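The structure under discussion appears below in the form of structure tokens.
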């Protein structure tokens, strides 16, 4: 006798539950053909997937897919020999890794790290500036970075082949799926350049393949292949998220699959609770703890490699910057307490809040008073410098200067333009319920609207202002508002810098809190700032907050082409990767329209067939014949017939989009693309 999970003795009598369970098992023992049509998950089916002929055919198909994929992606990989589209960003970031220069990007670092590593391993020295699209590479070695991205992109059709083969057990279906990807001009183009997309798709499709392979091992739990595919799924999940945050979607997919898998195991009365617990813990390890550890490790390597000051410093806190070699705060020393007569920079404590900044440009007509602009600027700049004066302008003196204290009334004079920080009752440019902040006066001479009261957050009257460590607010004496960084990006007239306002809402928030970062005063003794260096978890958290806020602030610029979400599935609009006119080498990102549109028709037909079959099942069990006996073959025959008619003809017609075009444009009868501009929105 056996004891089931509830502790009941299994005797000759069978409970309704066990009878149903065994009945279900009997139903699952179908013929091999029926099993393939339903779900293909029985143990017998796992052990007898292929005959020798089918296995040989599958191997031959796979090798063909590999050959097609790598040949279509690596062909003309050196063309064009100039910067194309976003290579100007990701190639430059690869150079930063080689030079160990810190930068900021809205995506996690793995993709850029791998690009930099590929360049370094193939002889690129990191000296090319990647200034703008169209710049010639000349003697610089760029093929390694392009080749690396193309190689990962070349893995997508083989991954698709293996995934569909596991799901359908049909080499033919798997070959068709892989061929669709191999001959798609859009997939080829996106894979041939120094971009994050092929790296991201490599990990996403790798995660899906590993998940499917792991599901096929369900009858051999805790075996070596079972552990291998579980761990590999976790590795690919960390890779996908480590390249772009959109990798969260494949994590969601794997998570739902895992939840369903565990729910099925929970319902298996032949599985003890101890064994079920082992299944849960193994998945927690392989799909949560391992990916999390690898993801954190990616950032640890990122921080170790990028240890030199660079263009990304200003996005981060003063404490973060103090760890970067070459930054003015690294191993620096400066006066500990703020004093009158000091030259300072003032940094907003909101992540990516920026430095208090001004320049000679005025607010335009119709935007408050036509006075000098005051903004927040995310980068270090001489226009971030301010002079600290007493309210009565009597700080010039001999001997040791007086220190600024909580409650003092001060003026801040912009060092470059000599105008005072000023506010009044005009509304702010973007945040209409706030007041405008400007630069006013000349050589420190202004009016009472230039006066600000210093408030040390959590302090008392008479407390000193500590450089870098004190959180400070500046209260406008005339209006009672507080100096505020809204985080909103100004239009072009404001150089797309961040809006500074004076907020009438006095609640303490990071937007209204500031710290003194740079502090120059030759009359005061200096102290070391090495004590300010943050630990790893602090910089990990801060980097994610900055990335998330950077992503939320992304929006197309006025001169940038943008598309709507519905444009891409229907292939409505492409994207110029290189060149515009007849004399230039032109590359245009556009999916193979024959493949894309047939795919849409196939998806629609599939929905119709499933809907009809599902309605039929509600009426009679006999309709299972329709669902499992005819619907799938009908759809398969349709797809096979349609796609076989289009390969390799459509690829031959549209391949110049990927591999480059010169000469007349598509509207010219002499063009290589003559007659192929089927939609007016296509711009080749």
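For all residues, glycine too, the Cβ spot is worked out from N, Cα and C.
According to TrEMBL, the region 'Disordered' annotation covers 1-50.
Among the features that TrEMBL reports, compositional bias 'Polar residues' is placed at 7-18 (among others).
Taken from TrEMBL, the feature compositional bias 'Basic and acidic residues' covers 19-32.
The feature compositional bias 'Polar residues' is assigned by TrEMBL to 33-50 (among others).
The list of residues near the transmembrane segment (102-123) in space but at least 6 beyond its ends in sequence, with Cβ under 8 angstroms from a Cβ of it, reads 89-91, 93-96, 141-145, 147-149, 194, 196, 199-200, 239, 241-245, 295, 298-299, 301-302, 305-313, 315-316, 324, 546-547, 550-551, 554. Residues annotated as transmembrane segment in TrEMBL: 102-123 (among others).
Annotation comment: TrEMBL describes 199-215 (among others) as transmembrane segment.
Sequence annotations record features per position, and here TrEMBL assigns transmembrane segment to 227-260 (among others).
Sequence annotations record features per position, and here TrEMBL assigns transmembrane segment to 280-306 (among others).
The feature domain 'MIR' is assigned by TrEMBL to 335-391 (among others).
Annotation comment: TrEMBL describes 401-457 (among others) as domain 'MIR'.
Note: the domain 'MIR' (462-519) comprises 6 helix, 27 strand, 25 coil (DSSP; helix = H, G, I, strand = E, B). Feature annotation from TrEMBL assigns domain 'MIR' to 462-519 (among others).
The transmembrane segment annotation in TrEMBL covers 594-619 (among others).
TrEMBL lists 625-645 (among others) with the feature transmembrane segment.
Each residue in the domain 'MIR' (335-391) gets a DSSP state, and the totals come to 3 helix, 28 strand, 26 coil. Per-residue pLDDT, averaged over the domain 'MIR' (462-519), rounds to 93.
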